[in-house]
Amino acid sequence: LPLLLEATLVQLASGSYHPFYNGFYYNHLMNDKGNGQEKVDHFNGARLVVETPKDPVYSSNGANVTLPCHYQFEPDTEAKRKIRIKWSKLRDDYTKEQDVLVAIGKTYIAFGDFLGRAHLHQASRREASLLLSDVRLQDGGKYRCEVIDGLEDESDVVDLQLRGIVFPYQPPRGQYRLNFHEAEQVCQEQGAILATFNQLFQAWSEGLDWCNAGWLADGTVQYPIRLPRKPCGGLHLAPGIRSYGPRHRHLHRFDAFCFSSGLRGEVFYLEHPAGMTLEEAKQSCQDAGAEIARVGQLYSAWKFLGLDRCDAGWLADGSVRYPITKPRANCGPAEPGVRSFGFPSKGRFGVFCYKER
């Protein structure tokens with residue numbers, strides 16, 4: 001240590017540049033041939049390397065998923081080292097990271113929403129993978145795997161993406177009635193969360209075209225356009241995501257873009273010869289051992305289970321909709337989608353119910 005400190009002070013005093021690696025200085029040495037060739041760096045000790053997948057890891061709501069992480073030393077060493085492992089979730093707004101799990105050896109502890117769901121997976125030598133059970137919609141995002149060896153600290157990031165569907169939503173009160181916090185609430189009420197920009201972009205690339213602006217999870221307001229037209233930014237603009245940028249989360253009002261993932265149960269349709277009111281529809285689902293379906297559940301059943309029904313049915317928010325995977329005559333437009341009759345104050349329809357497995 002005294003020799004390392006002395007070498008460091010000499011380098012600082014000389015004012016010359018030297019590389020720096022996580023608190024450890026490299027020896028910066030000239031070759032002794034005096035021929036002006038490049039300097040060679042030698043590290044004082046084994047270098048810690050942490051590796052995670054470069055491609056995203058995909059999962060869905062209710063599933064179990066492993067986020068791979070491995071570490072090694074260069075040069076390799078067989079010496080036992082007291083390694084500490086920390087997993088954290090990066091926030092979209094770059095504020096303080098959310099603690100997920102910390103571990104020393106085989107002992108670990110999980111935090112907050114991850115308590116009881118986050119586990120350390122060490123099936124092989126120098127593995128520090130994270131096992132997440134019962135994945136939730138909020139779990140999507142980037143996770144940092146950090147390995148600490150004494151004073152040395154290295155990390156890498158894993159991107160967890162949930163397979164899902166983005167759908168626009170406006171409440172019974174009509175268009176542009178939601179501030180940011182109300183948009184968060186209505187998405188939760190529909191079995192969903194506010195979509196991220198990446199999720200909206202993916203939906204746009206798959207064909208989503210919607211001319212009404214809606215809130216996203218980062219507090220921006222945007223909308224996806226596939227076919228440029230005058231009311232939607234003008235004919236002169238190329239297809240893409242139109243953005244209003246960040247808006248005031250309390251004062252400004254728009255619609256919402258919600259994100260829903262896979263289902264843990266099934267959506268099915270109940271009908272009555274004379275149709276049902278909303279209250280009768282709710283009771284019919286309860287009598288069948290289920291509950292009236294939410295909008296997000298209907299979209300997920302349409303997207304992932306191929307639900308196709310050309311009969312309008314009540315949903316929990318008081319809207320009437322039906323899902324079409326195979327467009328045909330008398331079932332709406334020529335494209336697949338979830339059709340909406342809005343929020344009728346009167347009328348008798350069937351009902352879509354949801355039942356957990």
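Placed from the backbone N, Cα and C atoms, the Cβ positions cover glycine too.
Where the annotation comes from TrEMBL, it is an automatic prediction and has not been curated.
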From the disulfide entries in TrEMBL, identify which of Cys211, Cys258 pairs with Cys232.
Cys211
Most Cβ neighbours inside 10 Å, all chains, among the disulfide-bonded residues Cys211, Cys232, Cys310, Cys331:
Cys232
Could you tell me the C-alpha distance between Cys310 (disulfide bond) and Cys232 (disulfide bond) in angstrom, no decimals?
30
How do the residues of the domain 'Ig-like' (47-158) split into helix, strand and coil according to DSSP?
6 helix, 59 strand, 47 coil
Go ahead and report the DSSP secondary structure tallies for the domain 'Link' (266-355): helix first, then strand, then coil.
21 helix, 26 strand, 43 coil
Pop the mean pLDDT for the domain 'Link' (266-355) in here, whole number is fine.
97
